[in-house]
Amino acid sequence: MEPQRAPALRRLLPPLLLLLLSLPPRARAKYVRGNLSSKEDWVFLTRFCFLSDYGRLDFRFRYPELLAPNICGLQAKCCQNILLYFDDPSQWPAVYKAGDKDCLAKESVIRPENNQVINLTTQYAWSGCQVVSEEGTRYLSCSSGRSFRSVRERWWYIALSKCGGDGLQLEYEMVLTNGKSFWTRHFSADEFGILETDVTFLLIFILIFFLSCYFGYLLKGRQLLHTTYKMFMAAAGVEVLSLLFFCIYWSQYATDGIGNESVKILAKLLFSSSFLIFLLMLILLGKGFTVTRGRISHAGSVKLSVYMTLYTLTHVVLLIYEVEFFDPGQVLYMYESPAGYGLIGLQVAAYVWFSYAVLVSLRHFPEKQPFYVPFFAAYTLWFFAVPVMALIANFGIPKWAREKIVNGIQLGIHLYAHGVFLILPFLFCIPTAFPTLLDLSTLPLPPPTFCHHRPLFRKKQLGLHRVKLLGSWVGIRRVQHHIFFFFF
């Protein structure tokens with residue numbers, strides 16, 4: 001009998017999915033365009049991590065001439081300026097969200113010798129500005145570019161200012177690139193290698209999924225295809241779908257510099273779903289489901305339903321928080337949020353539950369030690385990998401390299417979990433070593449248990465018989481409603 005599933009969770013998932021997919025996409029630089037109208041005199045536009053030698057910004061800005069009357073006679077502070085800050089502590093961190101600094105103070109940290117100011121007037125030759133007239137309105141239209149050189153990859157932040165003016169109004173279009181290669185052009189330097197990594201792991205997980213299906217076919221032929229193994233197959237299949245959508249998103253992004261944010265959100269949802277299915281499977285195995293018993297108690301089912309619902313909602317909140325509330329002016333990791341810390345807490349709670357369940361199972365069934373000891377050791381590493389990865393990402397990885405490194409580590413953690421489970425049952429569930437409880441279609445037996453040779457409650461033994469089954473001689477012992485097969 002399968003554990004009860006939360007009907008509330010099934011009802012919640014469709015509207016949550018629609019909510020996430022309907023969230024407006026946010027520009028992540030590369031190709032950025034928009035219209036700005038603000039009463040502020042200093043506004044952040046976008047950010048990008050340029051390579052040390054090949055970074056380039058191509059831009060087109062336009063604003064009505066009436067906002068900058070008598071351009072030829074005005075000082076620079078009266079005109080709109082594009083400001084280019086980099087990630088040095090004395091630059092962007094010193095001015096962004098610095099309430100004690102006004103517009104002039106924020107401009108003062110710019111180093112003129114680094115050409116970090118683009119004055120949008122006809123007096124500044126490098127801005128490429130000229131006066132154009134459209135439908136009786138005169139505009140300043142500025143089209144040009146800027147190359148970036150630095151000693152290492154740096155985050156650059158682009159802001160617009162007009163100190164002492166009456167607000168900002170601007171139409172802008174920017175293309176930010178790193179070289180001309182398909183694999184680097186539209187990618188920020190912290191995203192280099194993500195597409196190649198995702199494609200590699202997609203191929204690996206496709207192999208794992210087909211191997212799991214093949215093993216599942218073999219198990220089904222012997223009536224050993226248990227619920228937990230089906231959950232493993234489902235987790236692997238959802239992981240493949242997730243990576244497929246990630247590859248679609250990054251491929252489109254590499255082509256046009258925009259991508260489809262809804263595809264990325266869907267990929268993240270599938271990635272989280274695979275993780276949740278796998279987590280539930282581990283807890284069920286720890287509690288002995290399909291190992292020492294064929295059903296979970298009602299109280300246990302309720303606890304699992306509540307916990308998984310809470311975990312799912314926290315994942316959804318994290319995705320919404322990342323899409324809607326992450327500050328684009330800061331380089332943030334997904335776990336740098338209240339929802340992220342909540343997920344880490346739930347992961348630790350899941351490990352405590354998992355550990356307690358395994359210890360209880362071993363106390364009642366010490367003969368299962370050859371399976372549970374390596375199982376527990378292998379997945380203890382997995383449970384702690386996510387919190388450790390979050391701490392390393394938040395405090396140990398430079399922000400200009402964080403996203404690509406974390407992406408590889410995260411996929412490696414998932415690969416480790418699936419790879420171990422693909423191998424572990426076949427190392428410790430060899431029929432010659434473990435008698436297996438089978439479910440015969442012709443007999444009214446409860447569902448089979450995984451690597452099982454003793455029921456939860458042993459009843460009166462009714463004798464041992466020796467018969468030939470599936471080409472092998474087996475011993476059959478009937479114990480009330482259970483039939484045990486001992487392979488010779």
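Yeah, the Cβs are placed from backbone N, Cα and C, and that goes for glycine too.
Among the features that TrEMBL reports, signal peptide is placed at 1-29.
Taken from TrEMBL, the feature domain 'GPR180-like N-terminal' applies to 32-172.
Tertiary neighbourhood of the transmembrane segment (199-219): same-chain residues 225-226, 229-230, 232-233, 236-237, 239-240, 243-244, 246-247, 411, 415, 418-419, 422, 426, selected by CB-CB distance under 8 Å and a gap of 6+ residues from either end. Residues or ranges marked as transmembrane segment in TrEMBL: 199-219 (among others).
What TrEMBL lists as domain 'GPR180/TMEM145 transmembrane' is 201-421.
Beyond the transmembrane segment (231-253), the same-chain residues lying 6 or more positions past its ends with a Cβ under 8 Å from any Cβ of the stretch are 30, 186-187, 194-195, 198-199, 201-202, 205-206, 208-209, 212-213, 216, 259-260, 263-264, 266-268, 270-271, 273-275, 277-278, 280-281, 284, 411, 414, 418, 421-422. Residues or ranges marked as transmembrane segment in TrEMBL: 231-253 (among others).
What TrEMBL lists as transmembrane segment is 265-284 (among others). Within its own chain, the transmembrane segment (265-284) has Cβ neighbours under 8 Å at 3, 17, 20-21, 23, 227-228, 231-232, 234-236, 238-239, 241-243, 245-246, 248-249, 290, 296, 304, 308, 311-312, 315, 319, 323, 350, 353-354, 357, 379, 414, 417-418, 421, counting only residues six or more beyond its boundaries.
The annotation transmembrane segment is assigned in TrEMBL to 304-321 (among others).
With a cut-off of 8 Å between Cβ atoms, the residues of this chain six or more beyond the transmembrane segment (341-359) that come close are 279, 282-283, 286-288, 307, 310-311, 314-315, 317-318, 335, 372, 375-376, 379-380, 383-384, 386-387, 390. Taken from TrEMBL, the feature transmembrane segment applies to 341-359 (among others).
Under the heading transmembrane segment, TrEMBL lists 371-393 (among others).
Per TrEMBL, the feature transmembrane segment maps to 413-434 (among others).
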*Taking the domain 'GPR180-like N-terminal' (32-172) alone, what is its mean pLDDT?*
83
_DSSP residue counts for the domain 'GPR180-like N-terminal' (32-172), split into helix, strand and coil_ = 25 helix, 66 strand, 50 coil
